[in-house]
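Written below as structure tokens is the structure these notes are about.
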Amino acid sequence: FSPVVFPLSCVVQNYSWGKVGLESEVAKLLTSGDPLVQVQPDLPYAELWMGTHPRGDAIIRDNRIPQKTLGQWITDNPACLGAKVKDTFQGHLPFLFKVLSVNTALSIQAHPNKELAAKLHTQFPEHYPDANHKPEMAIALTPFEGLCGFRPVEEIVSFLQNVPELRALIGEVAAEQLERSGSDDPRGVSAALRVCFTRLMKSEKKFFVDQLNMLVKRISQEAAEGKDTSGSNGDLLLRLHSQYPGDIGCFTIYFLNLVRLEPGEAMFLGANEPHAYLHGDCVECMACSDNTVRAGLTPKFIDVLTLCEMLNYTPAPSSSKIFPAVQSQLDPSVYLYDPPVPDFSIMRIEIPASIKLYLVSAIDSASILLVIQGTAVGTSTAAASEMSLCRGSVLFVSANESISLHLSSPDGMLLFRACCLL
């Protein structure tokens with residue numbers, strides 16, 4: 001007998017933008033999931049990877065299983081994916097599930113659609129390592145902030161009028177073109193926005209550093225005098241500038257929405273949507289790809305031309321970036337985040353304290369289950385032995401298998417489950 005439901009030990013990425021030591025949700029989940037883990041107090045714990053990515057293939061914690069990693073096991077047991085998933089995604093798990101703990105901003109970036117991904121991969125394989133798209137969804141675990149999508153034009157115009165340093169970088173001609181573009185002509189608006197943003201991102205380094213220093217100096221003085229700097233988005237500018245001094249990305253706050261998520265709220269980032277996570281903890285799910293086009297707030301390879309060419313220049317308010325969860329009709333404990341892509345969906349499972357026995361239902365897809373809160377003993381005919389689950393536990397669940405949870409915590413449980421609902 002070989003189990004098809006089993007616990008995983010997952011890989012941590014210590015990227016420099018991560019929260020440090022036990023301030024990080026990633027580190028907290030690690031230590032509660034495995035008390036033997038030593039968290040180093042000065043190391044950033046940025047991401048926990050739950051999946052089969054070659055740079056972070058999860059380790060199977062069941063000594064009855066001969067394969068060491070989840071990737072190897074799925075290769076040998078592709079039926080575990082579910083028939084449709086197996087056929088659609090050529091025997092591979094189609095998503096990577098993560099926890100992120102963000103302390104300082106991630107780069108201004110966007111992910112290509114499949115067509116562009118294939119082209120970039122052919123032309124620049126060293127920077128674009130595969131031919132897949134990379135839609136992503138983030139669900140907040142703690143209050144979470146990110147930049148996402150272009151702001152409504154009137155907000156951008158207001159900044160162009162209040163921030164002379166920004167206007168200087170974009171130039172009078174482009175700024176006036178955006179100011180004149182009317183809401184009755186969305187294509188004209190997008191074209192003007194593209195010109196403005198491209199002018200900003202391609203401005204001469206010496207020139208934009210001078211303008212940025214002037215702006216930072218001016219806002220610092222105004223803030224010191226107790227003036228309201230919100231017309232220049234002052235607080236965020238000073239924060240990003242302290243993290244990435246002299247970086248062009250600091251100016252993108254005048255073009256992109258600041259989106260604030262409360263725990264349980266989500267944002268979906270489709271192809272060509274400009275974004276940058278700023279602060280907080282979230283679970284994230286994405287299609288399996290490493291294709292990221294970057295253009296600021298980063299020391300990594302930047303590809304401004306590709307980014308400016310590919311972006312979706314449709315302005316929209318920040319409220320429109322919050323992706324709704326739908327409560328399940330069949331099970332009121334389940335909230336489904338079902339993005340407009342086939343690669344993945346996420347369920348948030350909130351089991352109330354009043355329930356002591358809960359069935360994690362079978363679905364026709366392999367899934368990965370993460371415990372955020374609560375304790376239980378899990379039983380499954382597919383596991384053949386009891387599994388003790390607590391905060392930080394991660395389980396792989398093969399398609400069409402269910403798990404009974406015998407809850408032992410006084411205040412219920414919170415779990416997230418990543419799957420593929422074709």
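Positions of Cβ are set from backbone N, Cα and C atoms, glycine also.
Listed in TrEMBL for this protein:
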ACT_SITE  ARG294  active site
BINDING   GLN109, HIS111, GLU136, HIS275  Zn(2+) binding site
DOMAIN    5-153  domain 'Phosphomannose isomerase type I catalytic'
DOMAIN    169-256  domain 'Phosphomannose isomerase type I helical insertion'
DOMAIN    336-376  domain 'Phosphomannose isomerase type I C-terminal'
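Location within the structure of each feature annotated in TrEMBL.
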residue: GLN109; record: Zn(2+) binding site; CB count, 10 Å: 25
residue: HIS111; record: Zn(2+) binding site; CB count, 10 Å: 25
residue: GLU136; record: Zn(2+) binding site; CB count, 10 Å: 24
residue: HIS275; record: Zn(2+) binding site; CB count, 10 Å: 23
residue: ARG294; record: active site; CB count, 10 Å: 22
Rounded Cα distance, in Å, between HIS111 (Zn(2+) binding site) and ARG294 (active site) is 9
Contact set, same chain, for the domain 'Phosphomannose isomerase type I C-terminal' (336-376): CB under 8 Å, 6 or more residues outside the stretch = 8, 29, 33, 50-51, 74, 80-85, 88-89, 93-95, 97, 99, 133, 135, 137, 139, 141, 264, 266, 268, 270, 283, 285-288, 323, 325-328, 330, 388-422
GLU136 (Zn(2+) binding site) to ARG294 (active site) - Cα separation in whole Å | 16
How does the model score the domain 'Phosphomannose isomerase type I C-terminal' (336-376) in terms of mean pLDDT?
-> 97
What are the DSSP helix/strand/coil residue counts across the domain 'Phosphomannose isomerase type I C-terminal' (336-376)?
-> 0 helix, 21 strand, 20 coil
About how far apart, in whole Å, are the alpha carbons (Cα) of the residue listed as 'active site' and HIS275 (Zn(2+) binding site)?
-> 10
